[in-house]
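As recorded in TrEMBL, the features of this protein are as follows:
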- 109-268: domain 'Alpha/beta hydrolase fold-3' (DOMAIN)
- Ser191: active site (ACT_SITE)
- 320-381: domain 'Alpha/beta hydrolase fold-3' (DOMAIN)
- Asp348: active site (ACT_SITE)
- His378: active site (ACT_SITE)
Amino acid sequence: MKSTLGFVFFCFVLTAYYIYIPLPHTISEPWKLMMLDATFRGVQHLGNLAHSLELSHHIKVLNFAVTFFGMLSPTSSEGVRVTDTVFDGVQVRVFEATRGSDSELKRSVVYIHGGGWSLGSARMQSYDYLCRKMAEDLNAVVVSVDYRLAPEVHFPEQYNDAYLGTKHFLLPEVLAKYSVDPNRVAVSGDSAGGNLAAAVSQQLALDSSVTNKPKLQSLIYPVLQALDFNTPSYQQNRDVPILYRPLMVKFWLEYLNGDPSFLHSLLVNNHTSLDLSQIATSREKVNWTSLLPSALKKNYKPVVQATGTPKVIQEVPALLDVRAAPLIADEDVLKLLPQTYVLTCEHDVLRDDGIMYARRLEQAGIRVSHDHYEDGFHGCMIFGLWPTYFSIGIRTMHNYIKWLDQNL
């Protein structure tokens, strides 16, 4: 009996040790986040084991776990008609509000889901719920883009899917088919989807063949650059779930089809060292010492190497491609963009990406609304329903939809 109790106690202590991680006292519902993170880390460990045994790619294992219990068929409700279709070869899920007359033109949002360009789906419960709620609350048509994922495809295919699907929807005849007002369309996305939404918005602004331009872009804790992995938010939140700094770099390398051995070089900014002259212009566009307010810079110091690893840029040139890193776009491009909403979270490695982009847009003369959540963490907006149900998820989702309602 004593040995059984001892074993149970040992297992309890071991589990508690695995689950517990020190978190900032200001973060939302820390114990719930620890449980979520422990589950996520556990799946990552299983994926790494499967990868090392050559049973499966670690990303495939992670994506299987993320989507297995939450994939939904296109189920309509009393207020929203839901259908799966294809726009120019790209899978999309369309949510059409049914309130009002058939002749009434509706607002619309093209939404691009997050997941490190490798995880998730428009058919997941969390994104199905978000897009369904947007359609109903805004009396709108919401198009959720189900772009292809790594490791099956790499950049620029995710971007191409997002762009082609969005551009097809903006065709006059397609907007007319869905009774959408061509002057009231927004492009939006979270995390990697925010990256794709920003890149798509830039290209739409430049594409003379697109006659109907988006009225708004709304970016939820977007990832926007891969040149500096030592911004204050990367330094401050390097060990904060659910997006640890090394994991974000791994997502970038998978997206850009880079050698995994480059991980350390990117973590210490060897790929943007001072001796790499081709980096100079792009490096300045992510210069957080001039783009961030003093309250965020605190006592953090820039990490700039005198000499680095030129092989990284040579083998992964997409690190300097504006379609992958919208933050490094020229100001002439930024001037063409629509009114913008940016949501950032204090406890997120990507916080400064969003804030720097908001600042660069303002400098280019674009009207920007910036919502910052002191208790927020990366991914929080999609954790606003059972079984996770974070209060910060409810708040961010409510305020995001409220902004769309007031501006779209």
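Cβ atoms here come from the backbone N, Cα and C positions, even for glycine.
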Exercise for the section: Calculate the distance in Å between the alpha carbons (Cα) of Ser191 (active site) and His378 (active site), and round it to a whole number. Expected result: 8
Fill in the blank from the handout: Rounded Cα distance, in Å, between His378 (active site) and Asp348 (active site) is 5
Exercise for the section: Fewest other Cβ atoms within 10 Å: which of the active-site residues Ser191, Asp348, His378 wins that one? Let me know. Expected result: His378
Practice task
Please give the average pLDDT for the domain 'Alpha/beta hydrolase fold-3' (109-268) in this predicted model.
Solution key: 97
